[in-house]
Amino acid sequence: MHSPVSASVPEWLVLPDDVNDLVDGVWPAAAHRAADGALVLGGIPAADLVAAYGTPLQVIDENEVRHRAAAVRSAFQQAAERAGTTARVYYAGKAFMNSAIVRWVLQEGLRVDVCTGGELEVALAAGADPALIGFHGNNKSVAELERAVEVGVGSIIIDSEIEIERLAAITAATDAVQQVLLRVNSGVHAETHDFLATAHEDQKFGVPLSDAAPLVARIREIPGLRFLGLHCHIGSQIFGVDGFRESAARVLDLHEELLAGGHVPLLNLGGGFGIAYTRVDDPTPIDQLAEGIVQAVAQGCAARGLDLPELAFEPGRYIVGPAGVTLYEVGTTKDVVLEDAVRRYVSVDGGMSDNARPALYGAQYSARLASRAGSDEPVLARVVGRHCESGDIVVDYEYLPADVTPGDLLAVPVTGAYCAPLSSNYNHVPRPPVVAVLDGTSRVIVRGETLRDLLARDTGLDVGHHPEGAR
Ligand code: LLP
């Protein structure tokens with residue numbers, strides 16, 4: 001590793017010793033370069049996947065998803081067992097809701113967290129036992145709540161006072177008994193390395209801690225509702241235990257207060273466990289994170305003389321993020337001369353329509369040549385998309401081999417979470433297919449859109465005149 005070369009390069013971007021390397025923890029464990037230098041994903045050369053399915057192409061490594069699902073489940077369940085309780089681990093489906101992925105995580109012993117009626121239908125259609133589903137959302141419609149109660153979802157996470165009354169009416173009309181949690185807002189907000197703790201967090205989810213006790217009393221009055229406990233989610237892409245510890249301490253004070261009025265068998269601390277997007281990210285390993293969080297709750301309970309409740313967690317990104325790799329074809333390159341550097345703009349055939357995260361959150365990614373290994377000489381590069389917008393960036397800062405050229409395939413790792421779900425048709429670009437790879441086999445788990453799909457929504461067009469399948 002060398003130090004940064006100029007002011008046009010952020011300090012965190014290191015010049016790699018090998019511009020073709022695949023950094024551990026950023027790529028799926030099975031990703032490697034074949035003897036000829038070409039990238040292999042799930043046992044299949046990237047170029048073969050592209051020959052079969054085109055570009056852009058989102059690839060998901062099934063073994064990686066399963067392995068990560070099993071790892072996070074066992075990390076929390078073993079930590080809970082050591083502390084003398086049990087843990088439920090839900091896959092937060094918002095990270096990537098798809099029937100194949102739901103089936104994989106169910107088979108690995110997880111439950112499923114959904115946050116809309118649409119996600120609920122995918123989980124049900126994929127065969128999830130409704131009792132294993134948790135239903136979230138700050139604005140669930142009456143129809144969505146009716147459906148959730150009717151199918152018997154295991155828990156509904158109540159987000160507002162209004163929702164309590166909606167559920168009171170629905171359960172009264174159907175004689176159902178629905179298990180519920182109440183989402184509280186602990187005033188702790190965590191992002192990556194830091195957390196911010198305030199008396200009241202200024203955001204839409206949950207109810208402030210100070211408002212919760214009378215709402216729980218009201219829930220307990222309703223014959224059709226059974227109160228399970230509190231829910232608190234403090235943020236996403238969190239690297240350490242501190243934010244969870246602070247939040248748990250605050251929530252446990254309320255948990256203790258509520259015990260005076262009845263049972264509180266469960267405590268759900270949400271998800272948000274961080275992953276490495278680039279070589280400089282260093283999240284706490286999941287076993288250590290799980291142990292630290294569970295221990296923080298256990299110590300908090302012991303200090304208050306409370307029994308440790310059953311615990312629940314909702315990882316999304318951790319499970320699917322590093323299992324995804326997006327393949328693009330390079331279309332054009334151009335060098336832009338800056339005051340202190342030259343930046344090579346490498347345009348690919350996707351962009352903010354298949355990965356909105358750089359534009360939305362300033363998220364950083366990395367990229368590697370996929371069809372072949374490149375020359376050793378690195379150039380400072382920015383991988384950009386094909387959209388008519390200068391913020392259409394795929395990888396803001398990267399070193400790529402100097403011989404990167406039109407027709408090359410580029411691979412961007414860690415695109416398994418919050419990319420396909422946030423994708424759009426901006427500029428009438430069809431959304432790419434998603435292909436699952438497993439031990440040398442591949443199959444489409446999300447069909448790619450065609451131009452015909454897009455034109456069909458424009459009521460002023462006769463789609464019969466347009467070529468089917470054009471991408
Ligand atoms: N539980 C609740 C209640 C949540 O709101 C979320 C994420 C999760 C669990 C899962 O969090 P994860 O383990 O995946 O970090 N689109 C953003 C992330 C939004 C997260 C929303 N809630 C992004 O691309 O970074």
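Yeah, the Cβs are placed from backbone N, Cα and C, and that goes for glycine too.
What TrEMBL says about a protein is an automatic prediction, not a curated fact.
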Given TrEMBL lists G272, E314, P315, G316, R317 for pyridoxal 5'-phosphate, the same-site residue among Y399, Y418, Y426: Y418
Using Cα positions only, nearest of the recorded positions to G316 (pyridoxal 5'-phosphate binding site) (K94, R357, Y361, E389): K94
Listed binding-site residues adjacent to ligand 1, that is, members of G316, R317, E389 whose C-beta is under 6 A away: G316, R317
Cα distance (Å, whole number) from K94 (N6-(pyridoxal phosphate)lysine) to P315 (pyridoxal 5'-phosphate binding site): 10
C-beta crowding around Y361 (substrate binding site), within 10 angstroms: 12
Nearest recorded site to Y361 (substrate binding site) by CA-CA distance, among recorded positions K94, G272, E314, R317, Y418: Y418
Among the pyridoxal 5'-phosphate-binding set G272, E314, P315, G316, R317, Y418, as the record gives it, the longest Cα-Cα distance in Å: 15
Alpha-carbon spacing, E314 (pyridoxal 5'-phosphate binding site) to K94 (N6-(pyridoxal phosphate)lysine), which is rounded to whole Å: 11
Other CB atoms, at most 10 A from the CB of G316 (pyridoxal 5'-phosphate binding site): 24
